[in-house]
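Report on one structure; see the data block that follows.
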Amino acid sequence: MFKRVILIVLDSVGVGELPDAYKFGDEGSNTLGHVTEKTGVELPNMGRLGLGNIIPLKSVPENPNAICGYGKMAEKSAGKDTTTGHWEIAGLFIEKPFPTYPHGFPDEIIKEFEKRIGRKVLGNKPASGTEIIKELGEEHVKTGYPIVYTSADSVFQVAAHENVIPLEELYRICEIAREILKGDHAVGRVIARPFTGTPGNFVRTGNRRDFSLKPFEPTILDMLKEDGYEVFAIGKIEDIFAGQGITGKNHTTNNDEGITATIKAMDEIKNGLIFTNLVDFDMLYGHRNDVEGYAKALKHFDNRLPEIMEKLTKEDLLIITADHGCDPTTESTDHSREYVPLLVYSPLMKHGVNLGVRSTYADIAATIAETFRVGPTKHGTSFLKELPL
């Protein structure tokens, strides 16, 4: 039926707290609801699909003539980070949360890291990425010591000025950290966070790189690759899956590049999965509590969505979702435990349909598996037969 699936993750665009959000300190979080409420941003193209039918949105009205399948999905895994969310979308459950470090990393980890890289480190504490380079950037430039920090997520982040520690050296340092952080200290991701500028004017660049754990079981990506389908990763998708199950990649660094790369891939890849992560919502605006910036990023995606839609054929299935929340209207600058939106469209569809509340993100993996007749996946329930085709 379908020869191609285009799967787009709007990073952090959650649609309301999950029932267990209180366990994560995220009561009341509603990323999309609060951003539309505070800014009044209009999203007519996603509204046409049925975005306003998923939850009440102040500036995106419910659409009785929605053209796609719409609903929301709960995260079944224990977590609210990028790796957990994307792995569940691909069919894996994380039953034990990745370790977090609210007081910084233990001495044995830091000492081993310093020994292996031949440098001391600065920081070693939870911090906002923009704030810690303000605080320690000048000392880093003087000493050449990389800045190590973490957050509420399972991440070991290494910040360095590109003129002090060149990118390839920073990436090598992060690969060493990835080798060290295993067993009980197997954090979800090691992240390179390069920056440039001068004291008082440091700015992070787009040359971020994620070094994820390898998935511990086959994902839908592996199943597709093994059956000879293309799996093309855009944005940080290849990093999130540590290259596993990927046949091609484009490491875009922002939403605009990611959308353009998706459109280009649709011209070139005719059989398989195009899997895109659009990171700006989370990286630039959610974590920085920038409500207006978040709204502008939503508007930008909505404005460019027709470019993707017009390239769809009757052999295509488009799925738009998210991996977690990151509500910029709350005091927290961390991810939030939320439902994520589900928008599913093909030109073959006769009309829109309410896909309801799905119990796991893995329903996407199950649907892709049924579409390409691979699998079945270990988790998830396909919604393919619920679409009015």
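Each residue, glycine too, has its Cβ placed from N, Cα and C.
Together with Asp282, His287, Swiss-Prot lists one candidate of His251, His335, His351 for binding Mn(2+) 2, that being His335. The distance from the Cα of His324 (Mn(2+) 1 binding site) to the Cα of His335 (Mn(2+) 2 binding site) comes to 7 Å. Between the binding-site residues His287, His324, His335, His324 has the most other Cβ atoms inside 10 Å of its own Cβ, all protein chains included. All protein chains shown were included, and the count of other CB atoms within 10 Å of the CB of Asp282 (Mn(2+) 2 binding site) stands at 27.
Looking only at other Cβ atoms within 10 Å, the busiest spot among the binding-site residues Asp11, Asp323 turns out to be Asp323. Nearest in space to Asp11 (Mn(2+) 1 binding site), taking C-alpha to C-alpha distance over the binding-site residues Asp282, His287, His335, is Asp282. Across the fold, the C-alpha of His287 (Mn(2+) 2 binding site) and the C-alpha of Asp323 (Mn(2+) 1 binding site) stand 15 Å from each other. In three-state terms derived from DSSP, His324 (Mn(2+) 1 binding site) belongs to neither a helical nor a strand segment and is classed as coil.
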